Amino acid sequence: MVRSGKGIQNKNATEVTEFILLGLSDNPDLQGVLFALFLIIYTMTLVGNLGMMALIKIDRSLHTPMYFFLSSLSFVDASYSSSVTPKMLVNLMAEDKSISFNGCATQFFFFGSFLGTECFLLAMMAYDRYAAIWNPLLYPVLMSGRICFMLVSTSFLAGFGNAAIHTGMTFRLSFCGSNKINHFYCDTPPLLKLSCSDTHINGIVIMAFSSFNVISCVLIVLISYLCILIAILKMPSAEGRHKAFSTCASHLMAVTIFFGTILFMYLRPTSSYSMEQDKVVSVFYTVVIPMLNPLIYSLKNKDVKKAVKKILHNYVV
């Protein structure tokens, strides 16, 4: 998916100081519809994720490792959606669709940081579910408050560190030709396509880091769930198996949607790359997935439902 560069840069060309985000569609009849649709989705994303964080903070019964991770995930979802969606909404209604060079680099960095953090965080959550089901007696020791904090901190450090490398590698390049990004946010492939520098090294580094990070996270998830499956099958009672599976079902669904989209997006061969297809998939994981996660984790979660009812009874009734 990452393309090689343009060869030797033209030193006499004027360096780009801002970019133009072409967006999802140039059809003016669709702009208002898309604005209304994405505004609704973004509002639901903020309400769902910030509401989940507040609920976990308020209700002491949710002060467990599982919900500590979920609260962190909600923060990450709200953050990486907010790094892209507000600018996209503005561009849908504004004639000026420009973004400054530094603004593009900032968006690129924070989106990559939170996206990478989510990748690692979902892997840590899979390990948490494994620890809870494989050995419930040792679970408080294996997932103490200190260990949970270290795992979440490591996820953030890995996500932000990875994004810092990508941002430095991308924005050290020269952009001296067209400044029109065929996307609704600053993403790697369209930026490398615009560069008049040799992007061969960028392609190698980005593919190596992306592949390692995604594959390592996926392996942690797969190994954790394989151990979980073995533990569930060994349980003597059907009720115990059902209860154990129900605690993992929502996370498994979220993991499948997220990593399935990321694997399709970033690890498919260059020959199958299509910018229009890329935009559609990008909408799904930048806008839709952050909205879905609070719904996935709360709809069939008895603890969350109970906490919501308790708060409604205490503060509304």
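Note that Cβ sites are derived from N, Cα and C of the backbone, with glycine treated the same way.
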Swiss-Prot topology check: LEU89, SER274 same side of membrane: yes
Nonlocal residues around CYS104 (disulfide bond), in sequence order (Cβ under 8 Å, 6 or more apart): GLU18, PHE19, PHE171, ILE181, CYS186, LEU191
For the transmembrane segment (107-127), distant same-chain residues with Cβ under 8 A (at least six beyond the ends): 66, 69-70, 72-73, 76-77, 79-80, 83-84, 87, 99, 151-152, 154-156, 158-160, 162-164, 166-167, 170-171, 185-188, 191, 213-214, 216-218, 220-221, 224-225, 251, 254-255, 258-259, 262, 285-286
Per Cβ pairs under 8 Å, the stretch of 33-53, 141-161, 204-224 packing most closely against the transmembrane segment (62-82): 33-53
Cβ atoms near CYS196 (disulfide bond) (within 10 Å, other residues, all chains): 21
Three-class DSSP secondary structure - CYS196 (disulfide bond): coil
DSSP three-state assignment for CYS104 (disulfide bond): helix
